[in-house]
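Lifted from TrEMBL, the feature list:
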| type | residues | note |
| --- | --- | --- |
| DOMAIN | 175-270 | domain 'Ig-like' |
| DOMAIN | 357-429 | domain 'Ig-like' |
| DOMAIN | 459-553 | domain 'Ig-like' |
| DOMAIN | 562-658 | domain 'Fibronectin type-III' |
| DOMAIN | 660-755 | domain 'Fibronectin type-III' |
| DOMAIN | 856-951 | domain 'Fibronectin type-III' |
| DOMAIN | 969-1057 | domain 'Ig-like' |
């Protein structure tokens, strides 16, 4: 049965569309498995802003059991949920052959693919051990890998990989220690299609040769497969992986081998060209076309929620490289709906609208009256040039013959009868195929009887007022058609006929416009009528008995010129209002209306907007996508036909104005200004945001005044020039390319009057104490304050107004800035800021001290010398650098080398004693004073020197006693029991002391570890560490460390427990 998993994501707080991934286990991305067995669907509800994601497993099998996870990400946000799927077989299938679980659903290469690792996990979880046929399992166990495919073919096993994975798990009960491999291949590898992957293992013997197998077949070196051997390392590199590289691989060393599997993940296929909408009539061909990012990608087509198969009578699916096309040969009303195209990395949809055919008669059949042996031509025009039909005479179908011919050219259907006979008279009808419509006309046979009289008859013109004549003297001809006017002439003797247009006589008997003479007839012919042929034509007949004249007006009608100046007047969220000018020439016939078409910019597919003739020259196009550029064209229609399309309109984009700004508030009011603040609209849309318009009006007025001449881009504005004391209403509109939004209006008017506020200085915390800066530094003090109206700020230094040449001051509405470009000692003092509003004021003081390095100490002298010591005294410096002296630095130099060495630094007193002087040397001294800025630049030299006199000295050596340092080894820090996770490296450590340096021996379960590369032993200053690389369950046990030297030994031990990692998602 089918299984559907649904996940819903709330995107109300997201700025962009989230990305959903369906995973099986820890890492298997199911997006690459999309096909007949597994399908993914995504929908979005604009009202609730909720995305719905569906994963559908068609005809679920036991291999679909296991742990799943859906992961949704959007920018820096991420969320996931896990779930378990357990597929249970039906009771009647409990005894089915175990191999049926490994057989594919059909013969397709990618169809019916199963996840056998999950199948085995589910079987292990249920504790149900299935007993396969003993003979086949035994064959596989004992067979060489090269024989696997033959055994699978003989026993009907189509998924050999699944069998081998199962067999592998049955064989591997306990991991065996390998004598050939230091490090085996990883259990599995994952790589994206087209990328490179390296399989790596380490062997014991660096000179041994290895073989690489793929699905049991030996791999030969090539550009695809690169095999390398560097020391103990053996690598197999697979370049430009394909789905064919998804297989089992082996590395063989003699009789030993190690296995791994490579999983090739197919990258998601995106849709680069989206599907267009179609609006057609019944019977038309429809082609939904998309382009994808990869050639040969798998694309699924859906009609509504039903998948469309390749082989069907009413549609066809075509692939051409990256181009995929769904073709509906003849659209029907049942095909109306939404069509979807899905890939494993994208989705697009297009809507198909189908309307019934409506056939319109553009030119009706005219009644004819003809004479014997003449020609009769019935002609009609319909709106569809593909429509066929039949001719009937008095209800009986007319069949073609040598004398009767029927033609169908474009929209015109003709019935031509040569050599008309009396039996041809009757009612003729044309019936279009497939329509309940008929067009009829009557054929009258005219018999001519001539009475010969001996007397002369004056000439007479007999005009046939039927046929093309709309009135007695007007003939209408469609441009491009042929006009043949047969005028009957009577009179004895035979009259002379003259045709003329205006004052110009028409005498040509050949050419496009010509006159043909027959017995008792004068034929006027115009081949391929043109607009210039329109006008008044005169026929004049004369004979000796008199003359006769007739005036005819020939009117040429044609399809109209195309409409002009197609333009977009306004747009909405999903609509646009279009307007155009009527055509300059209406074709000589009144316009019936217009047909409109639109398309997306860059597309070549035009979509009809109306099937019925639209009479107005403005139209509101709907059902468009916001933010997409469209173009439009218009056709004009009259009784003759449809014009050529107009020039394409300029591209336009359906966009809607934003919603109104929110939280409009008054931030500040003065006697002539009002400061407003607001937040951006909640809904902006594809049109973006250009700025804001601020308007105001007096209370009681209806005329709003625009406050800003240019759009305000910030979310705040100061409206200036307002009358004092008036109550003013304010409103703000957001503006984008679609126009202005609804206004955000204050709930009540604002009185324009400044509120008196007591002046208050907000002195920063760091300025409330003494502010100290060094000479040369830049000083920039910002003192914020408040008060209304704007306070007057005045600065004083030591009670006197500040000198603007020494100190710069800049005042604003909310703060005052004191700026000194380069501080000097003279800038020190007490600065006071006085803030005044009328008779109110506030004061704040700042003590500024500019400090510099001090001068050197005064009067340095040696006051006394005794032994190896000298007493020094000095006086404080005259210049303390405008801050307290923090200490002194005293240096000495002997008179021989005159190299200076520091005796004291940071000495706070004005005296000191220099000790450890060398006997027989003469010393001079110097002193530096020190304050906050550092040492003085100059030093004060001592006025006298200190001479250390030589005396007779006797050195008495104390007896030396060697210390016993030998020690028995003893552990000062023992080993501690550890519990570690399999596969994660760990370390155990202890500390030992002893002399001579003891020899360290590590043991596991009382067995010496030796030079096993799995273990790394370190000894750093008595701290002993044993690193265990990626331990397995067999690495658990008791570990001990023994320290031995010639005096004895000591030993410590601990227990290491290795546990298998558990998946928290399955708990």
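Counting begins at 1 with the first residue displayed.
A Cβ is built for glycine as well, from the same backbone N, Cα and C atoms used for every other residue.
Just so you know, TrEMBL annotations never went through curation; they're auto-generated.
The shown structure was predicted, so the numbers you read here are calculated from the model rather than taken from an experiment.
Between the domain 'Ig-like' (175-270) and the stretches 357-429, 459-553, 562-658, 660-755, 969-1057, it is 969-1057 that has the most C-beta pairs under 8 angstroms. Summarised by DSSP class, the composition of the domain 'Ig-like' (175-270) is 3 helix, 50 strand, 43 coil. With Cβ pairs under 8 Å as the measure, the domain 'Ig-like' (459-553) is packed most heavily against 562-658, out of 562-658, 660-755, 969-1057. Remark: secondary structure over the domain 'Ig-like' (357-429) totals 3 helix, 37 strand, 33 coil, with classes taken from DSSP. Residue counts for the domain 'Fibronectin type-III' (562-658) under DSSP, split into helix (H, G, I), strand (E, B) and coil, are 0 helix, 42 strand, 55 coil. Residue counts for the domain 'Ig-like' (459-553) under DSSP, split into helix (H, G, I), strand (E, B) and coil, are 3 helix, 60 strand, 32 coil. Secondary structure of the domain 'Fibronectin type-III' (856-951) per DSSP (helix as H, G, I; strand as E, B; remaining residues coil): 0 helix, 51 strand, 45 coil.
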